[in-house]
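Chemist: A single structure is presented below for examination.
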């Protein structure tokens, strides 16, 4: 009887506990957690989430309940940011099996109840559930939007180590202790940590290419690399180190330190030197070098190496304490020094951040210009830039040395000193210098203030060129004093053009780097037999090979057919009548050109010269054929055939110019063409005999340049050219037949393709000459 009463009591207690747990679970309201109404829009929900996440993030809020509060905020945002889960919650009070926070809490507490009262603890303490197993992973959990918007951009400054896990994963449990130990060490060094639950974030796991759990991968500069070795502490540490580029830190010795420190002028960066007691470069220093690779060049000196005594003695370095030096324009004396027995990452980063620019940096890109000369936000945040416009030299010039010494003596928070190579940034320099001719070959100094991001600036330029004399320094100092008293002292206003990126790699190098990355990815996939990821690449390669093979075969057969057809065509060719002037298509070409097709070719005369060239609309070009009265018919026919396929472009116009009438105009243009045939003078006896027939000029009237096509000389033409010129006074013994005239324009279609591609050389002229 007592046993029955005891059993009833236990059952009643179980039911009571379950009811209480359910009621407590109902307290979780995502709308109340985020502080929004049930009719709130997605924008309001996102805004509230960002505000609360910043306030309750465990790294920023030291409140003991901050972590639990942050988890509730994240769960609430997961429910309300997904329309389907939000609808489920509004109708049923639950967001689904994957996201129901109250369900997870209920299951957790229900299991806890059974563990204490009914079942063996050794069974139910086995950590199958990911959330129960490691609550420390909660703050590292990644969602797809978080990965795309934050992790990927941040990976260009620091590498990320990401673990892919799931529920009911025995191997995940096995690697957990090693993972915790590695995370604790690497996170302190600056490595980003992430955890992806494959059950809840299938889209992100698929995006990362993780098809099994557990998986560990690294993300750096947007590139994903998988870890394939045994999960031990040393292997994971080496894996993170292998993600970093190999040329981040240069080993500096007594033999190369002068060359290393002298690179500031070419690289336009300060140089950092760390003196350490270990032969290998510390990982923390490599991570710092990666974060600031765009601003500072890093070197490492092992103090235990023979021959470094001269360096340590010159810079007064303590051999028993880690020391970091920053060098700028002067290599004999460091600009800043930090020395501590235990250099922490935050201390190093603050030290580098304060010294990431030279004393007078060179403006090599628009991004650097925005950073050094920011747009003013208020009257108290005015930033002025003193710009030295000077010519590029191999050695430091006297004007620049004087400018540097002036900058060192007049360093202020509101004034930044920079310099520009005027020969590399000509448009930028010409905007600031009022009279370029007066400053030709000389240096000038301007003081400017940016007003908006569109390039609008106000500035004041020193009237005389900058020589670095004491009088120049006195004048510049007076300008700065007047500027502090009256900001309206900068009286000139202009819109500066964007700076060209001087240090950007050329196209060939970018292409080479891309090919190298593809090859390394392919080799890694091949080694580890990741065929699922390799299939798109293999499909692309085989498709390209198939297309290439098909193109070669088609070209081979078409060439052989053309050769067979060309022989009878040559035999049937009949010279054209001399009196025919209109272009007509031959029988051979009629198969290639539609019957109703025609090419409109107008003559370039003094009447049509202005409309067809001088006032031609921007973006339009006039393709002009040079011919003579005797070659007009034949050349126009061939010209029409060659350019017919390009007549679909409305920006191309076609004309011809008679050499007998306008020879002087043509020879004036050819004087501006590089590698063109030398232009004879009027006293040369062969002056009027030079043959320009078959030349084609593509004239851009708006931008005042032209491209030149010169026909290749055939064997018959060379024979004609070798004839005695005196024979031309009598009956000529040799002349141009139809074959040479036909061959003059044989390569014109290829030239036209290059013209449309924009790969032809352009010859600029100051103005279009008169057409007499």
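Glycine too: its Cβ is placed from the backbone N, Cα and C atoms.
Straight out of Swiss-Prot:
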- 561-580: compositional bias 'Basic and acidic residues' (COMPBIAS)
- 29-93: domain 'J' (DOMAIN)
- 119-245: domain 'Thioredoxin' (DOMAIN)
- 629: N-linked glycosylation site (CARBOHYD)
- 560-591: region 'Disordered' (REGION)
- 1-25: signal peptide (SIGNAL)
- 26-533: topological domain 'Cytoplasmic' (TOPO_DOM)
- 555-772: topological domain 'Extracellular' (TOPO_DOM)
- 534-554: transmembrane segment (TRANSMEM)
Chemist: Per DSSP, what is the helix/strand/coil residue tally across the domain 'Thioredoxin' (119-245)?
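Modeler: Helix (H, G, I), strand (E, B), coil: 63 helix, 23 strand, 41 coil.
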Chemist: Taking the Cβ of residue 629 (N-linked glycosylation site) as the centre, how many other Cβ atoms fall within a 10 Å radius?
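Modeler: For residue 629 (N-linked glycosylation site), the 10 Å Cβ neighbour count is 12.
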Chemist: Under DSSP, is residue 629 (N-linked glycosylation site) part of a helix or a strand, or is it coil?
Modeler: coil
Chemist: Along the domain 'Thioredoxin' (119-245), what average pLDDT does this model show?
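Modeler: Mean per-residue confidence for the domain 'Thioredoxin' (119-245): 85 out of 100.
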Chemist: Where DSSP helix means H, G or I and strand means E or B, what are the helix, strand and coil counts for the domain 'J' (29-93)?
Modeler: 46 helix, 0 strand, 19 coil
